[in-house]
Amino acid sequence: MKLILSTLIVFIHTLLVSALPTKEGSDPNSAKKYLVSDLPGLHENITPDNSIPLMFAGQLEIYPETDTHYFFWKFSDSNPETVTNRTIFWLNGGPGCSSMDGALLETGPFRINSQQQVISNNGSWHRMGDIIYVDQPAGTGFSYSDTYITDLDQVAEYFLKFMEKYYELFPEEIGYEIYFAGESYAGQYIPYIADAILQRNKKLVDGEHKYDLRGVLIGNGWVSPNEQSLSYLPFFKDHGLIDVHHPKWATLLAKHEQCQKIVNKIDSTFDDGVVHYYEVSSSTCEAILTDLLEYTQDTASEKDQRCVNMYDYTLRDSYPSCGMNWPYELVNVGPFLRQEKVMHQLNLINLKKWNECNGRVGRTFQARHSIPAVHLLPELAKEIPVMLFNGANDIICNSQGVLSYLQKLQWNGETGFTNKDNQISWIYDNKEVGYIIWERNISFINIYNSSHMVPYDLPDVSRALIDLITGKYDEKDVDGKKSFVTYPLGSRKESDASANGEENAGSDKVPGDSPSQTMDPMISSSTASSSSVESSLSSSTASADSDSTSSKFTRLIQLAVILVIFWGVYVLYASYKSRPSSIIKKPTNNTSNVTRSSAGKKKNVQWADQLNQFEDDERTQEPNQGIIAKAIGKITGSKDTRGRYAPVQRGNGNEYIDDIELGEGLSDPNVDEFIIGSDDDEEQGQAHSGAATHNQKQKPMN
């Protein structure tokens, strides 16, 4: 009988594992080991259940010869009504700063509370498509390697290898439309990766599939470092942070002129295809911001209010932090990701301590042999839409700097925006949230009341950027101004229904330079009609609904089978126990001894990585516990409060020094999470490529 019960438990556990929901067509033998089924606060704080996304995470091996693993965390909407065949790859910057900032502070489905538990972010981008956060280059966040890369060409090479391995795990997604999104120094990463994908698509070999890249979204991007640094002094002056009567004005103006000379030299050789030292080095121009932050201190204010926050000029911070203690919720993210149970739940192979930024990666990644990414934008714009969005309150990668390099750039037959004053109002949820300038497949979007991290400040608004780049908006005249109108999730359909047949209601707008234009270049460079795009999306959604229904029906059948088996075994067991002992076996003088001997034995039941001991099945049962409850208890481990995984040693126990991308100098003197350092040694004052420094402290480009 005990053998039957043991076999039954194994069988039922196998059924339950096989019934786990998977994405359409995914290979359970490869992808399921990356499944994330629990996190602190997940089932307590995220309600209803269909709000919990389907998650996969882990350290994916991309180059075994150098032990290079990229950590990824993927979120998919579990609601079949919103499923789309769309993949969004999100990258943060640095270089060397983790994309977990994006996942847990910006565009992901979760934020982290002070109890280190996940809570809901209602503006999550995973409702617009599968979103994958990747820690790269190797050494960043939870990613690791025996060697670190140094240049942007390598970033593209390594990421394409990651994509190859990713699609081996999820082969059904290889035909999905792809978007890249990120911010700050990702303004260097993303153009290089996108260019490499487009080049790859032009020289496919047998057995390779095209990557359907549809567009890129770069938020407050560090795309043309020296040109953007020229905007610092005008920004401070225009926003009343300094004036021409300031005692240091002449000094600042002289440094501004030095930077201008460098930019003039860059402009004179911009198209020669040569990597010039004066273009890949930006330390002279970046020093302008360092000095501005120092010279504009308000020494009469409280200590924590003396310096302008470089990421949001409306905020103040202590000097020399000047914004590096922000965003304030960042203090919750590190402790959350350093919990051993969380590392196990994220399927880590290497339990490395998570640091927001890795100083060693930043020092190694000098990008001295790669031209700045601004050079790649014209070629990208020939094939895909390029969206550059900016929080209006940011200083370090501000809107003036972005418009400045765009006005010099030649793309698709003309230079800059032909009429940058022709601004289109962006309306979201009946409010004007910014303006758009869009020509020839490049768009600039200035977003009001937001910082360097737009999704952190305005998660719902930022999610609607996906609607803009995919054409899911209405073009209207609002208060006499041309406007693009986007809506909260689901409300566009309601708005269309209330219009009661109004012309163009419910259809995707296809704005362009003329009313007769039939394809929105913001959607793609292909010649497919918008109706075919809608048909494809509708078809994929219907397919997803059908598969979801089939999957639910299958799981119901499996549950019914399990219950029937339980009942049958219970009946057999009850019948067995109710029979006279003489029928079962012949009484002997040593029966009691045998019984006592059997009852004294223990059996070891392995659950996950730990061993728990249970009493023999023939021991006395609790009055209210039946065989079903007992079996379920063994399957679920409900009485075991120690978790599913045994503790893992941390090697020699050495701790790493934190690298926090956006802050240093926490108020708690015992927890300094804002020291710039590395995985190997304690460091302060290291200036990363592409990030200005002040008082020997790094200002990373997240």
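Every residue, even glycine, has its Cβ placed from backbone N, Cα and C.
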Feature N-linked glycosylation site, as given in Swiss-Prot - residue among ASN45, ASN85: ASN85
Candidate annotated in Swiss-Prot as N-linked glycosylation site, out of ASN449, ASN589: ASN449
Where Swiss-Prot places region 'Disordered' among the ranges 87-130, 659-702: 659-702
Residue carrying N-linked glycosylation site as stated in Swiss-Prot, selected out of ASN441, ASN590: ASN441
For ASN122 (N-linked glycosylation site), the one of ASN85, ASN441, ASN449 that lies nearest, given that the glycosylation sites are compared by Cα: ASN449
Rounded Cα separation (Å) that holds between ASN85 (N-linked glycosylation site) and ASN449 (N-linked glycosylation site): 32
ASN441 (N-linked glycosylation site) versus ASN449 (N-linked glycosylation site) - Cα distance in angstrom: 26
Glycosylation sites (ASN85, ASN122), the one with most neighbouring Cβ atoms at 10 Å: ASN85
Fewest Cβ neighbours within 10 Å, where candidates are the glycosylation sites ASN441, ASN449: ASN449
